[in-house]
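Feature annotations, courtesy of TrEMBL:
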- 43-165: domain 'DJ-1/PfpI' (DOMAIN)
- 1-20: signal peptide (SIGNAL)
Amino acid sequence: MHFYLTAFALFPHLLNFAYGLSVRASKTTAPPISYGMVLYPNFEPADVFGPLDIFGLLSSDYRMRLSLIAATLDPVSTKPTVMNLSGSDFGESIVPTHTFSTPPEDIEVLFVPGGGGTRSDAFIGPAIGFVGRMYPKLKYLITVCNGATIGARSGVLDGRRATTSKRDWAWVSSWPRF
């Protein structure tokens, strides 16, 4: 049997394995349909495109919808602007489909990537407010690496167990609400 034939049955386990979520698996558990990805300048490409690659594979067998959400509809670049010691001008850009002020209301799963941009209040300020507003409506909030900072600063991780990268633990956990 091929993976794509068993993706539905494996979906809860995939979420559990990949993101440490507690998901009850059953034959009647339907996978979420509406996914959102938070974007901000200097996000980590692997934190965005890695999950999107896996869920893109699942989308060929299951109805899924993706929204790329940022402060504006302008392309969002991964170019390092924070902690750019070499002065590099290298990175990708991605075009959002929605803004933080006009997101789809039915998002079930929201991904929040990490990256150098988490170190800039100007870059992540709008994302912090957005995550805080969306959280009560979500089935799953998935922060990747130091994207946990955005969750912590929005208050949605208050009193919850969470993790981030080892290198960033002291910085991320220094936020009073984490």
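Each Cβ is built from the backbone N, Cα and C atoms, and glycine gets one as well.
TrEMBL: automatically predicted annotations, no manual curation.
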The domain 'DJ-1/PfpI' (43-165): DSSP-derived helix, strand, coil residue counts: 45 helix, 20 strand, 58 coil
Confidence summary for the domain 'DJ-1/PfpI' (43-165), mean pLDDT rounded: 91
